[in-house]
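Q: What TrEMBL records for this protein is below:
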type    : residues                   : note
BINDING : B:169, B:176, B:193, B:232 : [4Fe-4S] cluster binding site
């Protein structure tokens, strides 16, 4: 099974983003997704910067896929989307049917992102006919769902599963980071840049629950399916996705790249925020199922 | 502009028609729709009855099929489409591309409305669904401003329906996993957001604690107005701010009655009232007010603004049935975003 690095969901400075991907380039990771998937108001990195990063990573032997915006509301966002889809060099991850539309029009193959709501085999087969080469399993689905969907014909298209990192849970018109700072979205001053891992949100009993990242809401806990990698591989999953959270990812990538070490990996059970793995085991996503630790 | 009202049972359906609904949407008594609550919704026989009533009164009836077909159980969703075709219902409201595909190939004459759960918010996405499945109409997610709705209406390849009143979902519908993160069930999979069997209220001293699968969503005083507990309407803390805050949204409902002129001028085909889970009394109350408001706009568009001012009882009637007795324009208003 290959490792992939999902798109960066946070708004980091251009410098921090370049430093991160320069470090990524030195790892053994197979595939890197690049692009702004959350908010078109974030302009730290522009299209040409992403292409520069893409070339930097490609030169180091990585496969690069350009990710596209998840919530598309305006004509200008569609123009930018079309530019990315028709870039002519790199594959794309479609995170909205608008991207699928542009890709099919131009007969360009695409990776179906986690928010296209492909919840059964028939839907995946329709997308496959339209040019889908791979799909990212919707986050809330389980290994049982995947087994059933891949049964009989696991190789028609590739499957990727989010295996490590904070889980994107929702997208809104409202920017929760700006709201927290009593700013309207139109004058947000890109306040989300102050939160490189989002705003940790806890219940009134100090239970970490969510992470507010601009218009996106994420899980407070990281999903951790490292100890499920051989099971995934046996089911026909071809990519294990890590969602970027910081330079600490680099050590993690190297650790998981060493398959034997990965098998011995333990879940993080200590500290304030425990990992979670509920979705994979068909439980509430926030759950940590300890019975499956091998 | 069509007034489209919810019905969770035959009593609500009759209430909606009596109060002046042009059309009603309803769902089957199973997980094929996102209001899969015990005691709610229609058997196949009841839908047949509903369809006869609608035809007698020359109203429209739409079948809501807005969850995603579960692997191994696809036939349950397909049979619902078969039923809609057999009863000659006016449309099926659907988000799953495999079902849109099935319906458009099997019953080309059956009108398809793209459910809000498909999260289609732009002309390229709408065009995709139009080209692939020949959808006739799309329900817009509650994430667009009025300006964006108007811009989209100018170029949309299909008719548009918008949410006019009811519970306010603040996320792009169909792409929200907050409920399943906490309870294991989401509208997409289990057929409900924040399922009731995971909700627990607890009295501790003078506080009322609201829990969802044991997670503390809110702590309030006994006399505070409470909404239905959902993750996005809870009060939480951050590391730098210990005073609990509605970090996402407070318990409030959507009310767009003041937008009727703009929505009408934009050519919006249908105004949707949320609330299949609500009582027949709610349906009557809300339908009556909206019927009067739409009619008075039709009769005299220029004076509608004044009419609205002279009818404070419309607002008070709607507020009374609103969550937290508070209403908002939500994302339609830029400031809210």
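Every residue, even glycine, has its Cβ placed from backbone N, Cα and C.
Keep in mind that TrEMBL annotations are predicted by a computer and have not been checked by a curator.
Note that the structure is a prediction, hence the values are computed from the model and not measured.
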Q: As a test of the contact definition, list every same-chain residue at least 6 positions from residue B:193 ([4Fe-4S] cluster binding site) whose Cβ is closer than 8 Å to its Cβ.
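A: Correct list: B:34, B:169, B:176, B:179, B:186, B:187, B:230.
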Q: With every protein chain in view, what's the tally of Cβ atoms within 10 Å of the Cβ of residue B:169 ([4Fe-4S] cluster binding site), excluding that atom itself?
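A: Around residue B:169 ([4Fe-4S] cluster binding site), other Cβ atoms within 10 Å: 24.
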Q: Do the binding-site residues B:169, B:176, B:193 include any whose Cβ comes within less than 8 Å of a Cβ in chain A, and which?
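A: Near chain A: B:176.
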Q: Give the sequence-ordered list of residues that share a chain with residue B:232 ([4Fe-4S] cluster binding site), lie 6 or more positions from it, and have CB atoms under 8 Å from its CB.
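A: In sequence order, B:170, B:171, B:176, B:178, B:248, B:249 meet the Cβ cut-off.
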Q: If you count Cβ atoms within 10 Å of the Cβ of residue B:176 ([4Fe-4S] cluster binding site), leaving out that atom itself, what do you get?
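A: So the number of other Cβ atoms within 10 Å of residue B:176 ([4Fe-4S] cluster binding site) is 27.
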